[in-house]
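Here's the structure, in structure tokens; my notes come after.
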Amino acid sequence: MWTDLKAHYARTSDRNILDLFADDTRFEGFSAALGDFLLDYSKTNIDADTRSALIALAENASVAARRDAMFAGEKINETEGRAVLHTALRNLSGRTVEVDGQDVMPEVLDTLSRMEAFATAVRDGSYQGQGGKITDVINIGIGGSDLGPAMAYRALSPYGVDGPRCHFVSNVDGADIHDVLVKCDPTTTLVIVASKTFTTIETMTNAETAQKWMAEKVTDTGAQFAALSSAVSKTADWGIAAERVFGFEDWVGGRYSMWGPIGLSVMISIGADNFRAFLQGGEAMDNHFLTADFAENLPVLLALVGIWHNQISGHGTRAVLPYDNRLGRLPAYFQQLEMESNGKSVSMDGKDLTVPAGPVVWGEPGTNGQHAFYQLIHQGTQVVPVEFMVAAKGHEDDLTHHHKLLVANCFAQSEALLRGRSLDECRERMAAKGLTGDELERQARHRVFPGNRPSTTLIYPKLTPYVLGQIIAMYEHRVFVEGTILGINSYDQWGVELGKELALALDPILSGDQDGAGKDGSTLGLVKYVQNA
Ligand code: F6P
């Protein structure tokens with residue numbers, strides 16, 4: 001099947017995407033919607049035959065059966081022997097979901113209610129710090145225990161104006177926590193320690209520092225701490241009362257966890273009702289993913305476009321360019337979601353992959369990137385498939401002219417990538433400026449845009465909690481579909497372990513308590529540099 005698709009690519013790669021628009025139903029035929037949430041993939045080199053071949057690839061990989069197994073609580077995370085049920089966290093219908101014969105929903109919904117009661121109490125001041133109403137919340141976590149809530153807090157800031165300020169500390173670099181603590185009053189600050197395992201060294205180190213900082217002014221620090229973890233027993237040492245410990249099960253992967261307790265800071269910021277709307281958006285995408293035909297199924301289509309661009313066409317990176325400033329942390333969130341999930345070299349059965357596992361994902365909000373790295377996207381030698389996203393309306397009703405410009409820029413960029421500008425057009429423009437001869441030719445060549453560069457555009461009415469839920473759930477399922485087609489287990493992350501082990505081993509070497517026997521010359525040289533500093 002891969003060979004067929006590659007042969008199909010070889011046959012069609014020279015064709016101009018713009019020519020596909022000779023069919024004036026191209027946009028309708030190559031876009032898909034869930035209500036008014038729309039994915040346009042017509043500006044790619046995918047035609048009806050390509051799409052059929054890609055769908056056949058998904059069918060051949062039993063995507064539907066594996067999807068149903070995932071939602072049903074089967075242990076599809078085989079290398080860790082775990083179910084994969086982040087979808088249960090947004091299953092507001094309460095539909096039974098069983099793991100090992102037990103319905104997990106009563107516990108999920110009970111934890112959600114406890115979170116809601118606590119978030120409401122923080123917001124209305126019925127839960128207080130030693131110095132009164134909570135003014136600041138510090139979420140201490142890293143990776144999946146940081147990126148999701150940090151991204152969503154910023155994305156949904158229009159809904160958080162009446163909530164406390166939230167800060168996100170992740171890096172073990174003391175600069176991170178220092179810069180947050182100096183802005184907060186310990187007597188009115190709530191510290192949330194967010195760690196699935198409650199062992200992550202960065203998080204535990206930052207939490208200890210926060211506790212010491214708070215202890216200088218607050219008698220009972222435990223009373224101003226909350227813990228979010230699937231290792232609830234480990235939270236006991238922190239003196240945090242059970243009512244502020246929010247647990248979740250090991251069938252929620254770290255990078256898929258923002259829907260449950262790890263989302264507490266977001267819930268405190270935007271309120272329980274808005275957080276429910278976020279869950280509803282995710283749940284709506286789940287239902288769509290479960291029921292829509294593959295040719296209309298947003299996560300499946302996004303995955304197939306991804307496979308077409310990376311594994312078939314050989315484009316090594318993919319840019320995520322939200323024309324939505326509040327989605328500034330979304331590319332970083334997607335980096336973990338996609339690259340920690342699918343950045344593997346072996347398939348589920350331990351065999352080497354025969355195709356690349358996926359692209360490097362990167363990006364920044366537009367229009368900022370236009371004045372930075374878009375040069376390479378337009379004129380560089382490598383093709384970078386782009387995913388644009390934009391809201392039809394902004395939140396700033398008094399600044400609609402800004403939003404119109406934003407949208408115009410977003411559409412202009414995808415048009416420029418598609419259309420390009422030929423050498424002949426550039427010659428004409430240079431001639432119009434009065435240039436002639438060699439100088440005209442030289443200047444014209446620098447101004448050529450090859451065009452024919454693919455992009456997709458996701459467009460939605462407004463960046464509401466519901467829409468954010470749709471976006472995140474769509475990308476989660478996209479990663480799952482890509483992983484399934486590649487035969488990967490998207491839910492483990494063994495590739496992060498070696499660095500952790502070596503960092504622990506280097507700690508005593510750096511402090512001079514152990515020699516560096518067995519270390520390479522470079523590492524020893526760097527250690528010596530720090531020791532002599
Ligand atoms: O080291 C990688 C990782 O395990 C991620 O998968 C996870 O999101 C992050 O670290 C944080 O882990 P925890 O929530 O257990 O502190």
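Placed from the backbone N, Cα and C atoms, the Cβ positions cover glycine too.
DSSP assigns Glu340 (active site, proton donor) to a helical segment in the three-state reduction. Other Cβ atoms within 10 Å of the Cβ of Glu340 (active site, proton donor), summed over all protein chains shown, number 21. The active site, proton donor annotation in TrEMBL covers Glu340.
Residues or ranges marked as active site in TrEMBL: His371 (among others). Annotation for His371 (active site): no spatial neighbours, criterion Cβ-Cβ under 8 Å with sequence separation of six or more. The secondary structure of His371 (active site), as reduced to three states from DSSP, is helical.
According to DSSP, Lys500 (active site) sits within a helical segment. In sequence order, Ile201 are the residues near Lys500 (active site), counting only same-chain partners six or more apart with C-beta under 8 A. The feature active site is assigned by TrEMBL to Lys500 (among others).
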